[in-house]
């Protein structure tokens, strides 16, 4: 990552923490909910989001939802975070999702890796919302800005949440925030992975490390630099810059509500624009 970009992405993390904790707390209160529920995988994003949630409210619950493709290391790391946030046994639930996923796969009659992986992500979303309804909690998402921009999430899976506290922080920034919050270095440095199948890593699928990805995203979409400029500044081939830019463009549908075909004078989303928490 160019030093120029690193400096731009380095924030006042005590202030960021204070702001995000307050926003989580206020959103829960304004929504009329009693607390928040979160899925913890043992990765950097869910670890940081869990710490922030625990600082925002005592009323939190953590779901660990491993499958046969979940590395043991991830579960070990998840328990490190449970200890860090002082989560007693009443504050977390472990559910192996393999039986749920198997039933969906049987119904669909597929062994396709991608389809099965998306079923896993959507099964976790269903469980999170079931527990959220049980406790009258909000579902707190764990996605970061890098993943959201790239579309590197499952639509109505890990993308199906009520709030995204980390949604305006690049992966590089989430790692910085994690260090500030005391997240163990093994988690901070671990290669990100949705673990939807064995051996899956985000950087392996995308073809670049996140520091490079974040540099491209920042320079293209926040500083509006040209692809040629970015290629020179980040020292990566132009085709890789274009690949990242294309990933952002083709995933726009994941970041928007479903398209409504306009027939009236005032249609929802395009004209019907009221506050998210409208009272």
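Cβ from N, Cα, C; glycine included.
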In Swiss-Prot, the ATP site includes 39, 40, 41, 42, 43, 44, 45, 46, 142, 193. Which of 22, 25, 171 does it also list there? 171
Expressed in Å to no decimal places, the gap between the Cα atoms of residue 45 (ATP binding site) and residue 254 (deamido-NAD(+) binding site) is 19
Please report the distance from the Cα of residue 39 (ATP binding site) to the Cα of residue 122 (deamido-NAD(+) binding site), rounded to the nearest angstrom. 12
Using C-alpha positions only, work out which of the binding-site residues 147, 155, 162, 253, 254 is nearest to residue 193 (ATP binding site). 147
